[in-house]
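Read the structure below first, then the notes.
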Amino acid sequence: MTDKAQTLILEGIPVSPGLAEGAIHLQHTLLGPIDTPEPVGQGGVEEEFSRLDAATASISNDLLALATRVEKEIDTRLSGVFEAHQLMANDPSLREELRREIAENLISAGSAVKTVFLRWEKRFLLMESQIARDKSDDMHDVAIRLRNALAGITVHPLDRIPHGCVLAVSRLLPSDTVFLASRSIAAVLLEHGSVASHAALFAREMGLPCISKLPNLLSTASNGAWALVDADTGTVTFHPREQQKEIFRKKVEDKERSYAYARERAAIPATTKDGITVSVLANVCCNEDTKKAMLNGAKGVGLYRMEQAYLGCVMPPGTDELLNEMRWTLEAAKGRPVIVRLLDIGADKPLPFIRFLAESNPSLGRRGIRLLREYPELLKTHLRAVLELSREFDVRVLVPMVTLPEDVAVVKKCLTELGAELDISPLPRLGAMIETPAAALSARKLAPHVDFLSFGTNDLTQYAFAADRENAAVEQYFDDASDVIFRLMQATHEDVPEMPLSVCGELAGRPEHIPRLLQCGIRTLSVAPALVPMVKEAIRKSTCGKPANKRG
Ligand code: PEP
Ligand code: MG
């Protein structure tokens, strides 16, 4: 492509931030070669059954190995995706359906996989919840793996991807993303894929700039065309002019310079211009995260999501298992405050060992503490593990999805009883997540039961705007930096001025909003490990305008 080609700008949704440039590598399909539908005679049916069983066993081993690798190298939560794929591949009803397809239609195992998986994928796509729809990607991924195993294909379609390119594809499946982890590409552009999809999660964890929902990307982009990718704003410029390249490179340099400066000062406390020191903690998922957070100057862990230890488990984990998992994940933060949030599981993120909760509106149903109140044994098991952890770590407990004072009172009672049983004193401090407008406006009633409050701005926005946080179709309604959210925080602070307030939702990691958060009385921010230095720098440039509360 020559410099004379027309400059073109496409706008999409930023999925994983960052700035990058490179030549476009267009990939029309990542599906790999597909064997043609193949009839088999009656006598071949048994052989197809055996081929199918062998392929399933082989991909199961691969998936478990992949899960272990991802857990070590990337993230525990993400390794759960491959454990789930392994469970999907071995689902008895899926196996039954595949065998029926072979036997009744006298077709090869490969052809049966294509038909049956397409059927399942469509079922998921028709479901209402975005989480269920994202499952169609998972089905697709498992299908490709199985068909490739049946066809003896071991080469991944991205095997020949050039170093440093900008990959343009229709959609990205979880295993494609892991594959990309070992290739040094500059950025990914997608036609489809929500911010909450597994692929998006991978891209963010790997720090790979990624923009999604770029309209007509595959028909617009051309192979080899130069592209400037601004995944901070969701803009991609094809065939940029020299001047546009210069401006972009200057932006990259500025960003790198300010990041390097912030990294150098990471260990220094974050004190505002008017002398108030703000705690910057980190949201962590795995052992690597905690190490990275501490190196980046985090004062401790502000959010450990307990569900990480549960996802992918077929049986409920016991106290010892949970304790070991938390010890390993939080190891680098020993001696510093660590906030463990109790299990925040909802009806649309079911645990395999809890009976299916048929609810027409799962995010307004039994989620977080509501579910724990219905399953007190589940609450006790992990609370016991958290209490055991508090013998070795400076633990605080956080209750998710609080709406009523009883939601925290129940946990306090349980904590007190278990503490006496285990002879633990003092008990960890207790906090409530403020994720519903009702909780934000009832701080006075929550206050007698808790020691601190932490705003989960992701859910607070979802519930304030009645906009599903995972549904890209209502994205324009989801504005977590809106006045509405700040006013809710301000009201909480005015109602309980002495109460330590923190923010652990995504909003805390956006430097441009930090001055306003501080003015709403927030004195603790918990952000992704990589963001800690920049957030501390933003605090240093801000003014609180008020004295810190006494208990902060
Ligand atoms: C939030 O809702 O802002 C939050 C931090 O919790 P999660 O994202 O885990 O729901
Ligand atoms: Mg939440």
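Yeah, the Cβs are placed from backbone N, Cα and C, and that goes for glycine too.
Feature annotation from TrEMBL assigns domain 'Phosphotransferase system enzyme I N-terminal' to 11-131.
Annotation comment: TrEMBL describes 161-234 as domain 'PEP-utilising enzyme mobile'. Mean pLDDT for the domain 'PEP-utilising enzyme mobile' (161-234) in the predicted structure: 83.
Positions annotated as active site, tele-phosphohistidine intermediate by TrEMBL: HIS198.
The domain 'PEP-utilising enzyme C-terminal' annotation in TrEMBL covers 265-542.
Taken from TrEMBL, the feature phosphoenolpyruvate binding site covers ARG305, ARG341, ASN458, ASP459, ARG469. ASP459 (phosphoenolpyruvate binding site) counts 22 other C-beta atoms within 10 Å of its own C-beta, drawing on all protein chains shown.
Residues or ranges marked as Mg(2+) binding site in TrEMBL: GLU435, ASP459. Secondary structure at ASP459 (phosphoenolpyruvate binding site), taken from DSSP and collapsed to helix, strand or coil, is helix.
Summarising the annotation, TrEMBL assigns active site, proton donor to CYS504. Taken residue by residue with DSSP, CYS504 (active site, proton donor) is part of neither helix nor strand, so it is coil.
In this structure, GLU435 (Mg(2+) binding site) belongs to neither helix nor strand by DSSP; it is coil. Note on ARG305 (phosphoenolpyruvate binding site): other Cβ atoms within 10 Å of its Cβ, all shown chains, come to 20. Under 6 Å, Cβ to nearest atom of ligand 2: this is the test, and of the recorded positions ARG305, ARG341, GLU435, ASP459, ARG469, CYS504 it is passed by GLU435, ASP459. Note: the Cα of ASN458 (phosphoenolpyruvate binding site) and the Cα of GLU435 (Mg(2+) binding site) are spaced 8 Å from each other.
When the binding-site residues ARG341, ARG469 are scored by other C-beta atoms within 10 Å, ARG341 scores highest. The two recorded residues, ARG341 (phosphoenolpyruvate binding site) and CYS504 (active site, proton donor), have Cα atoms 11 Å apart. Taking H, G and I as helix, E and B as strand and the rest as coil, DSSP gives the domain 'Phosphotransferase system enzyme I N-terminal' (11-131) the counts 80 helix, 16 strand, 25 coil. The Cβ of CYS504 (active site, proton donor) has LEU281, ASN283, GLY302, LEU303, ILE339, MET433, SER454, PHE455, GLY456, LEU525, SER526 as same-chain neighbours under 8 Å, each 6 or more residues away in sequence.
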